[in-house]
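One structure is given here, and the rest of the page talks about it.
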Amino acid sequence: MSLGRLCRLLKPALLCGALAAPGLAGTMCASRDDWRCAGSMHEFSAKDIDGHMVNLDKYRGFVCIVTNVASQUGKTEVNYTQLVDLHARYAECGLRILAFPCNQFGKQEPGSNEEIKEFAAGYNVKFDMFSKICVNGDDAHPLWKWMKIQPKGKGILGNAIKWNFTKFLIDKNGCVVKRYGPMEEPQVIEKDLPHYF
């Protein structure tokens, strides 16, 4: 039996650690390429804005907002401002924000990682910035492929990310608990946070 088939059979039992010991799902489905097999966000890794590989297991026990960002979008100002505010108010409660620059929508994130980091510093960003990625298509980062197929990560009219600043709320176990469209400002997430802290 292939590892992929085994993981698909066991996934209902392992999903988000429902019946598994912590880390077991990651042991079973450790291949970064077999993203469908993952049971939580914590099984992935991504390069930060400085190019260092980050194991997302570091977010175990934290509530996370994962979003794609762009510097030249009409929604940039409101999203960066509100994300910075949410992080400032709730970081001590266990909120973490993971921002992934993406140039797939109107080519509104054309800069280098260094330029994006400098832009974000203008908003006094203290949350975690990652290297530029794709969120749709064959070249999409495995984390984003995985989030889009989760029961509470699916979109309206298909699972593809529609635009900049699509946001996913992730619980302490690394499970997607809600997806917010690009027109929903970060402040709407605030009402959902207390349920997961």
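Every residue gets a Cβ built from N, Cα and C, even glycine.
All protein chains shown were included, and the count of other CB atoms within 10 Å of the CB of U73 (active site) stands at 19. Classification of U73 (active site) by DSSP places it in coil, neither helical nor stranded. Taken from Swiss-Prot, the feature active site applies to U73.
Take the CB of S40 (phosphoserine) and look out to 10 A: across all protein chains shown you find 27 other CB atoms. Here Swiss-Prot flags S40 as phosphoserine, drawing on similarity to another entry.
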S40 (phosphoserine), DSSP three-state class -> coil
If you measure S40 (phosphoserine) to U73 (active site) at Cα, how many Å is it?
30
